Structure formats: structure tokens, C-alpha cells
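What TrEMBL annotates here:
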- 65-129: domain 'PPIase FKBP-type' (DOMAIN)
- 153-241: domain 'PPIase FKBP-type' (DOMAIN)
- 265-352: domain 'PPIase FKBP-type' (DOMAIN)
- 376-464: domain 'PPIase FKBP-type' (DOMAIN)
- 475-510: domain 'EF-hand' (DOMAIN)
- 520-555: domain 'EF-hand' (DOMAIN)
Amino acid sequence: MFFLLHVDICVFQLHLLRRPFFPHHAIFKNFFCSYRWTELLGKLSATELQSQSPACTLDLFHSIGSTFNVFVGKGQLIAGMDQALVGMCVNERRFVKIPPKLAYGSEGVSGVIPPNSVLHFDVLLMDIWNSEDEVQIHTYFKPPSCSRTIQVSDFVRYHYNGTFLDGTLFDSSHNRMKTYDTYVGIGWLIPGMDKGLLGMCVGEKRIITIPPFLAYGEDGDGKDIPGQASLVFDVALLDLHNPKDSISIENKVIPANCERRSQSGDFLRYHYNGTLLDGTFFDSSYSRNRTFDTYIGQGYVIPGMDEGLLGVCIGEKRRIVVPPHLGYGEEGRGNIPGSAVLVFDIHVIDFHNPSDSISITSHYKPPDCSVLSKKGDYLKYHYNASLLDGTLLDSTWNLGKTYNIVLGSGQVVLGMDMGLREMCVGEKRTVVIPPHLGYGEAGVDGEVPGSAVLVFDIELLELVAGLPEGYMFIWNSEVSPNLFEEIDKDGNGEVLLEEFSEYIHAQVATGKGKLAPGFDAEMIVKNMFTNQDRNGDGKVVAEEFKLKDQETKHDEL
């Protein structure tokens, strides 16, 4: 047994570091120990001692602070001390009385210990180890789930408190508020720590006790750790990975109906929670109440996410674990520490590809579905509008009124205009519209998210046939050769807006003419009159008046 002894002649205290995990580990022969001790020479006072041995008093007041380090039972101590130290535990304190025959006998120590002196020692044991000791590991917390443990060449991030066996703190990563980051098993650590970290899980807490010959040995570290010191590390593992790691994916929820999976070049909208391996939160799209929107497979996100988002379904939930070399590397970013493994719990809301067109699924067609909608037709229809994840955006059924448009007139988004074509009255269909044919990257503030794929469930209720392209009014019968004279009822050779409007409405009322459906009739008539009033004087004369087939520029008669 080896001891660390602090020798203060006259006062002898033996200190040995506490070994809480070796409750039965007491001093035996061939153990090495460290202790501080106080030696009282008989019953002499300090003054008497000084008079007999000035050196004693000198040691008493100036040597306190260093331990006495020695093997027990190997003749390095007086016989009485060799016997007295056997069986001591770390932090145990003993008062030892040694008779002369087991001390320095009739000769004493010249100038220090008189002959035939009874010696009294106040001993506090500070440290103890044996050359056959190994690293001692005590796990006091282990997470319920431990899918992976530290192996040789893994890179780890951990917090620790480092103490001596008596509990004296010599170092702490907690105090520096920074983890200790290192490779394991390749010589970057003291041998005992290299061994003590193996097999740990993320979240595990263990105490690793290391004998000095597996730590800093006889010389210590030259700063805080003395020679021959056993070390105790209280370790909490936060993170581990291997440079050869790729991402790992754990599917949480896969929708039963998955018609399409994401591919490189797709644009995704997804929610996520981002944490470190120990569960420490660093970011969340949910807290911003906004999805994260990005292209995948093109370098817009970290490489691990670029890979982890491939092959997902709309509505899928998965966990993506990204090693640091596929995340933010050694430097980290913001509140993400360097060399950190990242865990993303994602929920895919929707995705599309910029090359996508609309998709149409017809659910019902009436037996007679011969009249199909086309550009210029006036339509009345009901719809439910939702996102791909089922979030309802709008519903005409809830409002109790139809939505009415002229097809091809720009009154709805392009995708809806396309989706309503070649539809018959009574038909029901679902139209899926990618954002570049919907509301684009901007969306509609407070209503439609940016870059959202839209789903419309539509039922066409009414169709009024439109006019040929380029016409706002047509004749249903032969046009009178004296058309100008018929409009100019007062025969003054000038047609005012009132006369023109009255005549056109009369033709529509009798079925002789037809205005384009779905537009303001008065606005159409006024526009027709303005086109005929070529000099802009508020009246039309015979020389200005022309039919549609007589010119090429205006939508009029």
C-alpha cells in the first residue's frame, strides 16, 4: 500500500482522498497512500520542542500543505506507523500513539526526536491506491433508452467535475460553461478516462475513479493535480458520434396513403423541433408559427437535412439525427455548440416541384355531361379550399353562396382557371394546385401561407355559355342594314350614350342580341359606345359607326 504523507515534524496529519465507491477499500500492505500527519513528541510543548529541536518548530509552521506519500508495509515507515495505517479508509482520521520500540527506540532522531520518545500522530488519510487497481466505474443514472454507446474513435461532448478522493475539486467543465469535446480511445485523454468513458450512453451519468498510474502519475499535471493523486470524475455525457456516421432516420408516422415521395429539386414546407442529443432545445418552427420552406437536394439546407428530407410523404413525421460533419461542424452556429449532433423531429406539411402542373381527380359526373366549360363561360360553383395536410382555408358551403366567375378572365388564380375547364354542370372534382399556379411564395396574408399547395373540392352548379373570344356582345339574328338609323331614334344624325344603351338593352331583352355573361352590363355597353365614339366628343355619327367585322381593334358591335 502506498501513502501520500505530509510530514510536519511535531504535527503529523494523514490525508487520503475519499473513495465513496470503495466502501471496503481500506489500507492493506503494499497499498500506496497519501496523508497529512501531526507527530507529538511525547508530551512536549512547542516551546520545549523548539528548545530541544529548532528544526521541529520550523517544520511545524512551514511544512504544512503537502502530503506524505508512501507505500505501506514495505519498510518505508516506522513499524508502528506501518501497523497503524492498515485498515484506514479515505477521509478517516485516527489518533495514533506509538511506543519507542515501534518508533525510533532508544536512539531517537538526532536533533529532532529524543531517545525513548512516545510518538503521537493525528492522521487524516487523503488518498489510497494499489498497483493492481483498475479504473472504477459507478453509473448512477442511465436513460431508459440506450441505442448507442461510446466506442473507440467516437467523438464525445461531456460535462464533468473532477475531484480528488477526499472530494477536493480541482476542475469542472460546468464552471467554464463549456463541454469537454474529444475523441475517445485514441490517446487524446489520460488512459483511465479513455477507458472509463467507453460504453456510456447519451444522457448517462457515471463516476469514474482513476488511479494515478492511469492518470498523471508521479509528476501530476504540474498545476492543479499533485503527483500520485487518484482522480474522481463525475461525468454526464451529452453527445457522441463517429466521423464515419451518416444521418439516421426514425419514421414516427407514415400516412396510409402516400401517393408521392419527395425527390431532389422538390420544394418542401415542414415544421420541426430541433434539439441536441441530450434533449436541449435550440430551435422550432412551431414557436414561430410558420413552416420552414426550402428546396431539397440543392444545398439550401445543411447536408444532413438535404438527405434526411428525401423520400418523405406529405403528412409524414420522422426524426432525423444529423452528425456534426453533416450539420454545423466544429464551429456550430448561434446557440448550437461546435461538434454537436442535431436531432430534428419534422412534420411534412406539403411539397411540390416547380415543374408540377395542376392535378384533377373527378369524383362524380352526371349521366349527361356533354356541355363542358370553356373560356368565356360564366360559372357558379361551390368549393372547399384546404392545404395538403387538410387544414381548411375557405368554404363557399359555409358561406351559403356560390362563387361566380367568367372562365379565362383572370378572376381566379391560374391553377383554378385551369382546373375548372372542361367541366359539366353537376360534376364534382378535386383540383390540386402548386403554388406557382396559386398564390406563389407570398401567399395571402393571414389566409394562405406562402409557397402552399392548395386543394379545392369543387361542385359546378351552373354554366352560362360565354361569347366567342374577343366579343362582349353578339347578334343572335341578322343585323339590320340600317342599324345606325335604328339606334338614332330622333334622326338627328348623332347617337348619344343614352340612345345607344337603350337600343342594346332592348336587343338583349328580345333575344336578338347577347351580352357577355358575368360582367357588368352597363360597363360593357359604355365600353362599346366609347369604342364607337372615335373622336371622343360624346356622340357617334354615321362615319364613326362600324361593326365588329369592319375593324380589328375593338370588342364592340
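Placement of Cβ uses the backbone N, Cα and C atoms for every residue, glycine included.
By the Cβ criterion (under 8 Å, sequence separation of 6 or more), the domain 'PPIase FKBP-type' (376-464) is in contact with the domain 'PPIase FKBP-type' (265-352), since 3+ such pairs are found.
Note: the domain 'PPIase FKBP-type' (65-129) comprises 10 helix, 23 strand, 32 coil (DSSP; helix = H, G, I, strand = E, B). Packing against the domain 'EF-hand' (475-510) from elsewhere in the chain are residues 521-522, 525-526, 528-529, 532, 538-542, 545, 547, 557: each is 6 or more residues past its ends and has a CB under 8 Å from a CB in it. Residues of the domain 'EF-hand' (475-510) grouped by DSSP class, helix first, strand second and coil last, total 18 helix, 2 strand, 16 coil. Break the domain 'PPIase FKBP-type' (376-464) down by DSSP state and the numbers are 13 helix, 37 strand, 39 coil.
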